[in-house]
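Everything on this sheet refers to the single structure shown next.
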Amino acid sequence: MFDQIPTQRPNTPLLDVVDTPARLRELSEKQLPQLAKELREYLLYTVGQTGGHFGAGLGVVELTVALHYVLNTPDDRLVWDVGHQTYPHKILTGRREQMSSIRQLDGLSGFPKRSESEFDTFGVGHSSTSISAALGMALAAEMTDNQQQTVAVIGDGSMTAGMAFEALNHAAHADTNMMVILNDNNMSISKNVGGLANYFSKIWASKTYCALREGSKRVLTKIPQAWELARKTEEHMKGMVSPGTLFEELGFYYVGPIDGHDLERLVHDIRNMLAIPGPKLLHIITQKGKGFTPAEKDPVGYHALNKIEPKASITPISASGGAEAPAASTIKKPKYQTVFGDWLCDLAEVDPFVLGITPAMCDGSGMVEFAERFPDRFHDVAIAEQHAVTLAAGLACEKFKPVVAIYSTFLQRAYDQLVHDVALQNLDVTFAIDRAGLVGEDGPTHAGAFDISFLRCIPKIIIATPSDENECRQLLFSAYHHPGAAAVRYPRGTGPGAVIELENQHWPIGKGRELRQGKTVCFINFGVLLPDAIAVAEANNYGVCDMRWAKPLDKDLLLNMAEQYDYLVTLEENAVAGGAGAGVMELLAAEGISTPVLPLGLPDEYLDHGKRSQLLQAAGLDRASINQRINQWLSRHNGAAHDSQIHSL
């Protein structure tokens, strides 16, 4: 048990020689607990040096060791869900010395990534995909007579998503040889592991019982009534002492729950269960943050850590991915998530019909206070984005006004529900789209790069793109009072520090504003890159418009700017393809206006992980790159170099 993060590299003699799972399998079982201890301490040290996901990895140290010890990875397929818990996996699969680069530009990904290692069988970041992917691999093995084993590791939180149960149902129907390990780390499925349940789970995982069961099955299936009676008897015995009846009903052979930190037991049960043909599920109980006292006491707060600076204390990061707030006296800028949460609470005080809905992102979306103050009007539906959106649609049918707080990347999972269940029926649902744009170290799996593009084509929906904290509050209020589907997109973290007007204002839908008059070029800005547009404009005497809405566009303002200026430059933190800039060009083309437009936004590629500033530079959206791209574009149009320079940025 550790109370502090090691600041010096720990002594890990056993781990130092285990650089691949093959070397791990050369150890005796008696050496595994020592390896797990060293692995846990090394994980504490490396995350302290770099920052990153923390609690989940500590909770699966023993499981990771056991899996790579029993399985013949990478020939056997091991599929992790979400990926927060895979740091121990990376350490044991040849990446120990690269851990200092994790979640940094050109370094290791914080999630499994197929291009990074042959041991990363499936790339993840979103939840609840592991069983489906593993089932595909297992079916492929059957079709090619490959004897490989396939194992999916999924947490109890991810198991709340419908996709996981769809995969379980298919796996059982196909009677596919695969194994699912349910990592239950917050007791949401089973409240306790009693002595009787533990005793029976040992029996059910034993070689003797498994052999007896399979032998009886071969004999009794020839006598349907006898087999059915035996199956029901076994089912009722298990149902009395374990929570596995659901999985047995689906068609899985179930063992558990067992202690997920008991290495000897894990090795024994995994090895025995892999010998059973067909679908099987091992239910283990683990503790998130295991081995580090502060994380065991506060698993949510220690979901991740910031890098530990010299002489600095540990800074936990909540599950939202943001560092915990400093003391009130040092707070200068609120996060956009705080702006949203404050607005929602203020609105709920005066509007009894407003409801808050989120798919397992209460803390990350800034809804903790709303949930505490208005519990009857708050719905955390767990990892069920599709359900969240259609739930909102049903509530809107009964004259309530739901606000769905959802990350941009996760809204992708509920697109059909947004189109079919909300927009098509013109229902009054507001979407507070968090994490729009680049998200830094979490990388492409979590980037909100596409929401303007996939929303803009939906009839009747309106899309707001606030450029600062005050615009975020006022556009949320304006969108909320629009009778129909409305979306407001805003980024992770803090804004420029605009003064927030607490009195809500109705801003006209689809109307922008001209902020700066200039010559030759005018910026048509959508969203939080506005300070960069202004800086470049001031250095070059360009004009600037803050559009506020990506849909509907301010037609009058755009036509006026196209008449006043020789060139327009659209700027957004969304994919160029189908984005707001594309909308501007479509509008001008429809009006027969030939003013050249340079659309600046995220390129047609997946940007890797790194600091937000680094990713903006890689995308050509930092101030220097914006200026350079405009210069190059103008030189092509003018036939000569346009030598304007940025000053005092």
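One-based numbering along the chain as shown.
Any Cβ shown, glycine's included, is placed from N, Cα and C.
Copied from Swiss-Prot, the annotated features are:
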BINDING   H84, G125, H126, S127, G157, S158, N185, F292, E385  thiamine diphosphate binding site
BINDING   D156, N185  Mg(2+) binding site
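This view paints the features noted in Swiss-Prot onto the structure.
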residue : record                            : CB count, 10 Å
H84     : thiamine diphosphate binding site : 25
H126    : thiamine diphosphate binding site : 21
D156    : Mg(2+) binding site               : 18
G157    : thiamine diphosphate binding site : 21
N185    : thiamine diphosphate binding site : 22
E385    : thiamine diphosphate binding site : 30
**Study point:** Site diameter for thiamine diphosphate, Å, by largest Cα distance between H84, G125, H126, S127, G157, S158, N185, F292, E385
**Key:** 32
Point to revise | Of H84, H126, N185, E385, i.e. the binding-site residues, those within 10 Å of D156 (Mg(2+) binding site) when Cα atoms are compared | key: N185
